[in-house]
Amino acid sequence: MRRRAIIVIGILLVAGAAFFLIRKKVGFSGFGGSSVEIPFHEPVLAVYNRFSNSKNLPDTSTEHISILLDKAATAGFFSELGQQLSSKKTVIVTVKLTGPSDGSLLPAVVGGSYDKAFAQLFETFKKHTSAVFVRLNPEMEVPVKTYPWQYQSSQAYADAFRHFAKLCKVAAPNVQLVWSPAGYPGTEEYYPGDEFTDLISITLKSDLEKWLEAYPPYPDLQTEVKRKIHRVRFMPKPVIILGKEALKTDSAKAAIEEGLAQVRREASIIYSTAVFKNINKNPARANTPIVGVYDPKLLLTGSASVNAEHIFIDLAHIQTGSFQKELSAILKRKHVPIISFEPWRDQKVRKDTNVLRNTINGVYDEEFKKLYGILKASGSVVYLRFAHEMEIPIHRYAWQIQDPVLYIKAFRYFMELGGRDEKIKRVWGPAGDRGSMEWWPGEDVVDFVSIAIYGLPDKNITDPKMQESFSTIYERKFHRVGFSGKPIFVTEFGVKGPEDYKQKWIEDAAELIKKHKEIAGISYFNLADNPEAWGDIPAPDWSIQRSTFETFIQKLSAP
């Protein structure tokens with residue numbers, strides 16, 4: 001018994017000592033839950049500035065500290081912080097707000113709960129004689145729950161950042177505000193705006209990203225640099241590149257510089273296409289949108305409400321002549337063609353493996369020119385979509401998981417090859433998934449942006465009742481692609497399940513479409529999906545009955 005007691009006491013003593021050391025190590029100062037993080041090593045590895053003005057920017061010698069800031073931070077904490085800053089020249093300060101992880105932190109910031117702490121923080125910064133660069137709540141876009149500001153809506157994050165920025169600009173005008181994503185796909189959704197941001201930072205080899213598997217890993221450091229810089233191309237701000245102490249080696253420096261060199265070499269295509277407009281939700285659509293169907297079995301095509309038909313074609317359709325037959329049938333029914341052109345399945349002895357590279361190298365020019373010749377000869381308005389759903393990180397299509405710059409070049413090559421014809425409406429067609437805008441090819445080669453809306457949020461979900469509503473999916477996807485400033489064409493949408501469930505879902509779709517005037521057209525996918533894309537799971541059947549479709553049209557047409 002005595003021996004057991006001694007063991008317990010020993011364990012408690014060791015635990016107590018460890019707790020003391022941990023407190024000391026992470027810098028818990030006892031100032032209302034606020035502290036300076038110790039140790040903290042996230043040095044400046046490089047600065048990428050594509051602008052002529054390079055004054056007052058940090059460099060690789062700039063010190064970087066991180067603080068945990070609670071709304072109950074005491075005067076003692078700010079006094080200690082001021083003393084630390086006094087020993088430094090130019091400094092980057094990362095501010096990590098502490099608070100509950102239940103989603104209430106960001107609204108609390110907007111509501112003013114942290115304003116008292118902010119005021120004292122800004123007063124401390126104001127006294128610093130050299131430049132201060134402040135990062136608030138970094139790596140917000142990474143879908144993990146390490147910090148209480150993560151896994152929150154991008155709007156909530158942006159509102160909180162703007163609140164902080166407005167107060168800071170008045171109280172401490174010497175501070176430069178740094179918007180600080182990691183550079184993960186979907187970064188641009190969280191951007192608070194040019195007027196609230198002075199610089200941007202990205203983080204290489206982020207600890208928060210290493211556990212995620214939704215996207216393939218970067219093959220090397222230079223590719224990570226290039227991709228992360230590309231993701232912030234819409235923001236006209238210098239970029240601070242941060243990372244681990246281990247990345248200060250000569251080999252890492254060389255890789256970072258090579259990544260930046262690749263960005264500079266592609267600058268003319270990357271930045272000339274980076275227009276960040278944000279679409280108006282009330283453009284000039286006066287009537288109901290174009291109503292189309294993908295309907296190979298012709299079950300809905302005969303409806304008087306249908307005025308467009310969607311077909312998918314590839315290189316083989318051009319080479320064999322089958323496309324011209326399909327187009328003639330659509331025109332005979334007096335419908336407008338929506339054509340999704342997939343640059344693969346070549347019938348000639350050529351490899352499909354890099355179809356985007358083949359595109360810009362002119363390998364498919366004969367087929368492309370024949371396609372344009374047929375379209376122009378038809379005399380009809382045509383909606384032409386090229387290499388769609390390029391941003392989804394899967395291998396369903398040969399143009400997926402490719403370099404965004406290569407995709408942009410291929411899209412532009414294809415659209416420019418046909419010349420400008422007002423009857424050929426150029427459609428850029430992401431699915432609307434996270435990071436879509438990385439592949440944005442430029443407003444001069446796009447007339448419409450298309451997205452796909454299917455009820456299943458995840459292919460592994462088989463229960464129809466677990467599907468999301470059309471409204472929920474549309475709002476999320478529109479937020480991602482609305483930066484393009486182009487009208488929206490929902491070129492694919494569908495729902496699975498019992499017919500009564502489908503009818504309710506599609507009625508919700510009609511209500512949203514009526515309200516959102518930026519939606520210029522819609523096309524229902526009236527068929528089961530391709531079984532090859534679903535593996536061991538039965539492919540969902542999106543087809544609906546004619547009566548369900550007519551109910552949808554009635555809802556859409558109602559005042």
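Any Cβ shown, glycine's included, is placed from N, Cα and C.
Heads up, TrEMBL stuff is auto-annotated, nobody curated it.
Annotated domain 'GH26' per TrEMBL: 223-557, in sequence order. The active site, proton donor annotation in TrEMBL covers Glu389. The feature active site, nucleophile is assigned by TrEMBL to Glu492.
Sequence-distant contacts (6 or more apart, same chain, Cβ under 8 Å) of the residue listed as 'active site, nucleophile' comprise Tyr294, His310, Ser450, Ala452, Ile453, Tyr454, Ser523, Phe525. Annotation for the residue listed as 'active site, proton donor': same-chain Cβ neighbours under 8 Å, separated by at least 6 residues, are Arg396, Tyr397, Gln400, Gly429, Pro430, Ala431, Ala452. In three-state terms derived from DSSP, Glu492 (active site, nucleophile) belongs to an extended strand segment. Confidence for the domain 'GH26' (223-557), expressed as mean pLDDT, is 93.
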